[in-house]
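A.B. asks: Straight out of TrEMBL:
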TRANSMEM  119-150  transmembrane segment
TRANSMEM  162-182  transmembrane segment
TRANSMEM  202-228  transmembrane segment
TRANSMEM  262-280  transmembrane segment
TRANSMEM  350-374  transmembrane segment
TRANSMEM  380-398  transmembrane segment
TRANSMEM  405-422  transmembrane segment
TRANSMEM  442-461  transmembrane segment
Amino acid sequence: MSLPLTLTSLLCEENNINLQAELQCNAMFVSGIVTLIQCTVGSRLPSIQGGSKAFLAPMIALLSIEQFKCASDLNQYAGQTDAVNSSLDLNTTAVGVITWHERLNVVQGSLITASLAQVLLGCTGAIGFMLHFIGPLTIAPSIIMIGLSVYEIIAKLAQPHWGLWALTCAIVIICGVFLEKVEVPFVWWNKKRGFHKVSCKLFVLFPVLFGVIIAWSVSGIMTAAHVLPEGADTPSFKARADFGIGSVRNAKWFFVPYPGRYGLPTVALGGILGMLLATLSSVVDTLGDYYVAARMCEIPPPPSHAVNRGILVEGLGSVLGGSIGIGHGTTVYSGCIGFIGITKVASIRVFQAAGVIMIIMGLCGKFGALLAAIPTPIQAGVMTIGLGVVISVGISNVKHVHLSTRNVSILGNSILMGFVVSEWVKKHTDAIDTGSPEVDQMLIVLCTTPMFLCGVLAFILDNTVPGTLEERGILSMRAELTTNSTAGSQGAHICELESYRPYNIPYLTPWLQKYSWSRFIPFLPTFKESSLKCRINCCEKAKRCFKPSCRVV
C-alpha cells in the first residue's frame, strides 16, 4: 500500500488517484504471481512475496535529480513561490517537458537491469561467495538508511492531518506490541468437535488493519462533522474519509496489468547501481527469512539448490514487476513468516491459495482504487510503522559483531558520513560537473542515495581495516543462517532424507534424477545430491544433527 503511494508522489502525480489505484493493482498482481511460483517451484517454503522497501532509497534519489524533479520542487528551490511549500499539489509535468510516463520508464529500466543481477546470482549460486565479504557491518547501515531516507515523503503525506497520522501509529503499536499476547475468544465449528470455544491472538495478526479501520472511521466522523474542509485545494482535503470515493466509483471492475503499459523502459546508469545495491540488500534479507521459515516449519534448513532457486524466482519477479510498472522489486514478507508460528499453519497449499487471491485482487480495479482512497495521513502512519521495523531489522544485525573500537567506528561513521554527503549533494547538485551529462547524472544519483553511500563505505572499511571474522560478526551470521536457525526442531528425524523432500519440485525431480548433467545446475533439486547424502550419513553415524563437519553450505 505504501510503495505505490510513494511512487505516485515521486512521479509528480500525487493527486492522480487513478494512477495510484493502477499501481496498487500492479503490485498486488505481481506479488500474487511471484508468491505462487515461489511456493510451487521456487524455494518451496511457505512465504508471501511483496514489495521490498529497499528500493525506496534509489528510487527517491533517481527521481530527485534536476531532470526529473516536479515543477513544484523546482519552484521551491528557485524561491519563486512560498505557496508551494504548504501545498501537496504536484504538477503533472516538470517544466512542461518530462511526463510521469518518462519518470516511471527510467525507474522501470533501472529496476529490470539491476534485477538481472539477482537472476544471475540465483542461476550461478554466487551468493555464497559474496557472503564471505558482506558482513553485518555492511548490511546494518544499508538497511538502516532505507528507513531514514524516506522521512521527507512521510512528513509530506502526513501533513494534511498530523492527528490522524499519530492515531494510526498509536493503534498499530498498541495492537502489535501492547496487545501482542491477548487472545480473543470466539466460537468455531468443525466436524469432529462441533461448536466449541477457541481463542486467537487477533490483535497481533492484524495490527495494520485495525489501525486503518479505526483511523478511517475517525476521519469519517470528522468529515461528517465538517471539521475537515471540502475544498480540494486545501491542505487538509486529503485527510477526508471521502476524498478518493469518486475514484472508487469510477474505477473499472476488471483491470489487466501487462508489460509495456506505460511505455518502453529506459536506463540510467546511476539508477542501475542504486537499484543493484538495493537488490543485494534484499537478497541478504531473504536468506535469513528462508532459514527462519524452515525453523517455523520444523524442517531442515533449505539446501543450496532451494536457496538459489528462491533467489532466481525473486529476481524474475522483480524483472516482471519492472516491466509491468510497479517500480520496486519483490521480497519475502518477514511478518507472514512470523504468522506461521502464531497460527501453526505452514501448508504450501494455503500460501499458493493466497497467491491466487492476490492475483484476483490485482485484476480488480475497484480494489486498487479502494486502497488508493485511504486518506494519506493514515497511509503515512502505516509507512512510518513499516519503515520503523525496517530500521530495527538493520539495527538487529549489530548483534553479530563485537562492539570494539573498530566496529563502532565503522558503523557510526559510515551512517553519518553517508547521510551528510547525500543531504549536501541534494542541495548542491551543480557542484558535480565532469563535463559529461551522463556521468554527472550517475554521480548525482549515487551521491544522493544514502543507502548506497553508507553501504559502500561500510563495505570498504570492513574489508580493509584489520579484524578477525569473529570480530566482524561474519562467523556469527553464518552460524545463524545454518545451525542456529534449526534450533527447536525435533531432533534426529531431520537427518532423514525424507525431511528434505519438501524442497523438491513435484514431478520434475524424479525426471531430473535420470540425467547426470542436472547435478551441475545450481538451482535444480538434484544439485550436489551426493553432498546431501554424505551429510545425512555423517549425521546418522554421529547420532546427532547439524555437526559442523556435516554442514553443507
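Keep in mind that glycine also has a Cβ here, set from the backbone N, Cα and C atoms.
I'd like to know what surrounds each of these features in this structure.
C.D. replies: Proximity of distant same-chain residues to the transmembrane segment (262-280), defined by a Cβ-Cβ separation under 8 Å and at least 6 residues beyond the stretch ends, is recorded for 52, 54-55, 57-58, 61-62, 101-102, 104-115, 117-118, 130, 134, 142, 315, 318, 322-323, 325, 329, 438, 441-446, 449, 451-452, 455-456.
Distant neighbours of the transmembrane segment (380-398): 1-2, 5-6, 53, 136, 139-148, 150, 153-154, 157-158, 164-169, 172-173, 176, 208, 211-212, 215, 285, 334, 411, 473, 477; these residues of the same chain sit at least 6 beyond its ends, with a Cβ under 8 Å from one of its Cβ atoms.
Distant neighbours of the transmembrane segment (405-422): 61, 137, 140-141, 144-145, 148-149, 398, 447-455, 457-458, 461-462, 465-467, 471-473; these residues of the same chain sit at least 6 beyond its ends, with a Cβ under 8 Å from one of its Cβ atoms.
The list of residues near the transmembrane segment (442-461) in space but at least 6 beyond its ends in sequence, with Cβ under 8 angstroms from a Cβ of it, reads 54, 57-58, 60-62, 64-66, 133-134, 137-138, 140-142, 144-146, 148-149, 268-271, 273-274, 277-278, 281, 410-411, 413-415, 417-419, 421-422, 425-426, 429, 432, 434.
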